[in-house]
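Asker: Sending over a structure as structure tokens; questions will come in a sec.
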Amino acid sequence: MKSDSTEQSVERIENGHIKKKRNRPSKHIRRSKLTSVPVEDTHVESSDGRDSSRGKAKDSSSSSKQQQSDTSNGLGVMRASNVAFNSVPPLYFEGRAETSYPGRCASPLLPSPEVSKQLLSKSCPDPRACDQSPRMDGDLFQQIKGSSQRKIFSSHWSLDAVNKALEKGEAFKALFRVNAHNRNEAYCKIDGVPTDILINGNVGQNRAVEGDIVVIRLDPLSLWPKMKGFVTESVAKSEVTDSPPEKDNINARQKKSVDVVEGFEDGLSIDGSPVIGQGGKNCVSRSCTPLLDSCLGSSGEKKGNGSAVEKLCGVLSSFPHKRPTGQVVAVVEKSLVRDSIVGLLDIKGWSHYKGGDAKRCKSPSSLSDDEYVQLMPADPRFPKLIVPFHALPGSIGERLENIDPTLEAELVAAQIVDWGEGSPFPVAQITHLFGRGSELEPQIKAILYQNLVCDSDFSPGSLTGLPRVPWEVPEEEVQRRKDLRDLCVLTIDPSTATDLDDALSAQSLPGGFFRVGVHIADVSYFVLPETALDIEAQFRSTSVYMLQRKISMLPPLLSENVGSLNPGADRLAFSIFWDLNREGDVIDRWIGRTVIRSCCKLSYDHAQDIIDGKTDVPEYAWPSLHGSFEWSDVVRSVKQLSEISTTLRQKRFRNGALQLENSKPVFLFDEHGVPYDFVTCSRKGSNFLVEEFMLLANMTAAEVISRAYPDSALLRRHPEPNTRKLKEFEGFCSKHGMDLDISSSGQLHESLEKITGNLKDDSVFVDILNNYAIKPMQLASYFCSGNMKDSVAEWGHYALAVPLYTHFTSPLRRYPDIVVHRAIAAALEAEELYSKQKQTSIDEVRSCFTGIHFNKDAAESMEGKEALSVAALKHGVPSTEILSDVAAYCNDRKLASRKVRDACDKLYTWFVLKKKEVFPCEARVMNLGSRFMTVYISKLGIERRIYYDQIEGLCADWLEATSTLILDKLYFKRGGRGYFKPLEEVAYVVSPSDLCAAKCSALSVHDTESSEAVTKGEVAPAVFPLTVQLFSTIPVVLHAVGGDDGPLDIGARLYMSSYYL
């Protein structure tokens, strides 16, 4: 186990900036067995693992897809999507089990349109009687009142209409994503189109929710706004308006074929394009402009979607300064996140309304079934939800009736059950209650629930097939494998790692050659296809790491004991040996199943000490040594591995690989597991040592399985970056005098290296550049080779600059690696079967399918095809169809794991800042304007905005000509009407006498550094007037926002002193 450190830099580039597109998961994912509280005791599941207690409405498209799924399930195929698991056991609201809603059956009831209409028309009839809470939308009650009397949204197209429009190329299917900073802006990425489609406003979004698969229809070209930040060479040379180019240029561009197929881009991108109309004016008729008619095909022409995509690319190529916009016309697949929206109930807003309505109510606190309470989602990408009182669990209803003020601080989960055409907000029901939002454990439970991460115990059936401990390798298995127990093999992992799935070895050969071995735990020996353990592993798909906690993909008996390459124990492995020359070229290779015995478990620090030649390390600080080996053998192996890895790394970058390295905070925890501080940490040479050999092993495995099983190879691709964002980054660098070449990953890496070389004394700016370089990166994903046989050029990995890549080296924590292991085992077995059929010795045909020289004639011969087919059946190599489902599901689970990890990092940061109250640090100004500035805090590697417009007691003078901001205090109260925020929201002002206290709050109580180091790291406040320019370094204070009264966030304010110069 590398705890993601081995491939951290690669995955950072693969994942892009923060959040990316979610590949579609299997339809049903088992809930975590949390100690949070479900609404009901039981969930009745059907035989295919569906939860029948959830009465979510399905559209005709979903029903059609379900029928297809049922048909495939009838074939007896075992998948993660159709496995039945035990339902969640009864949990309790305040010590009482709840079996149903008051006065309702156990199955949640979807309100009918008539009931919804009555509910919306009767709830909160007088919005003026409601005092506005900071968390209330002042127009909410007015929007809901009378919503039954008008139609807000257009009807979704029928399934037949959708299919016809898709077939003719008049509409496109896409993933719906929402801007986290502005929910009125959403984005849809059409596969094959280099620019995402902007969906503006609630009406245009037409009830779609983050993560839905939708069908969109493009707006007329005349309504497309100008592309912000996209600068072409012609525009750069002469500043022109967004009028169309000359006719000749249009014709020339339309002749060019745009063949760019990209993955989904960053879900948090901020476009800033102007809104196209509001309300009903934003609806676009079905007729297109003549240009789009001619490019995309008129309604009378029958054209395929692929052709329409090519035509659309031609239009975008002709008008690169235009941003395409569209409207949602149908939701064809509802996102699973609709069932797990976490947030807080707006009890304060409801109680204000009830208090204002007391004169008209006999009992202000009495609850009516026609009323509702708001739920404010923690994720700003989701709309506000309305929860009818009759759908509230009894315990929540009682607390609400008693106006319990603590209820507002409780984190809850809700499920969207309806969103009609006449309702401005979706109707939801509460499904879970987690606990107070300001506490660590409820937040972690909510994070897991939101991302559908299974935290329940392993099923009894999955545990029955595990070997008993103590376990020894069976003698017959030793005879079938190559015995490497006399080879000096060692592991290098984090010091706290317990699941060790990779080991290394190095040997010197005559003539200056080296033989390097990578040995990966043979998990496929224990996890056999279509067994209960295999189904459980596939369902979980990946281990989830949360710093202080791990949710394993495999039972601990396997992942930490018999399957883990623990030192001094005989273990089963897949081994790859390469014979390398001093230039890092692979001369020969061997792949096979082996038995190994690791001699020691080194930490990254141990390996780094050996690389650095440190000999003054106390003997007790070294790990135990097993077998007949001496420490000199270990030191020699590590130094050889370090030397070879450096050569491989240099060669990889010469061949065009891209590396973006940033420092990241590491949290310090007390004895109770609560974070109290963080320190900055960067990767060491020992991390890169392991990474190089893991990358080489993954590339080798990809080559083997794609040749042996070209239709059933599970590979991993990383598309080229988003063109628009990469151009924006290029323009940013050009504007500030930095020459950036974005023609390829290699040129990008080389030019970034030159830029950072000139900025070697400014590590903060280097971090900023790397962050900007990551933002255009697309999401890497697993795929089945058989699905992309006609587009082999798109199999490549952009960041690594290699044509083939997969995951092979972490089978204890990633299910795709187990799938790859089975394919390699089948290829090895096929070699033996082929030798028997040809009646030759195995040595004569050894490595004909797995060696460095692939024998294509043997693979295409009748004997070879039969051998490969029989071996595939024996080892469970899946068909193209099944493997495609596995790849899509694993993509979803890998992204969910990443989201959990990022959310936990933010949560731990929030808790540290909450404990410190304020945390002074330095920030670099990245963006500057008349309303706000964007600052980069290198200590945490995050960006934050500071707004300074309309602040009482603050004057903000923006000098456009010099891009300079001057902030100064006002000594008089502003006149006139309008709301001005208090100065405390933008600046943390301390007096000179308070500076000592501020200094203490910035330091950890556990800090043991010398006073000289403390003084050196002290951050001094600035004084008014404050002059700020782009890239200025300014002092800020960070503080925790939300918890009991809103979503968790990290706020930033200017750090100022009241002392004036």
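The backbone N, Cα and C atoms fix where each Cβ goes, and this holds for glycine too.
Fair warning: this is a prediction, and the values are worked out from it, not measured in the lab.
Pasting the feature list from TrEMBL:
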type	residues	note
COMPBIAS	1-17	compositional bias 'Basic and acidic residues'
REGION	1-77	region 'Disordered'
COMPBIAS	40-59	compositional bias 'Basic and acidic residues'
COMPBIAS	60-72	compositional bias 'Low complexity'
BINDING	Asp493, Asp502	Mg(2+) binding site
SITE	Asp501	site 'Important for catalytic activity'
Asker: List the Cα distance (Å, whole number) between Asp501 (site 'Important for catalytic activity') and Asp493 (Mg(2+) binding site).
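Answerer: Rounded to the nearest whole number, the Cα-Cα distance is 10 Å.
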Asker: Give the number of CB atoms, excluding that of Asp493 (Mg(2+) binding site) itself, located within 10 Å of its CB.
Answerer: 24
Asker: Count the Cβ atoms, other than its own, that fall within 10 Å of the Cβ of Asp501 (site 'Important for catalytic activity'), considering every protein chain shown.
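Answerer: A count of 26.
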Asker: Neighbour count, 10 Å Cβ-Cβ cut-off, for Asp502 (Mg(2+) binding site): what number do you get?
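Answerer: I count 25 other Cβ atoms within 10 Å of it.
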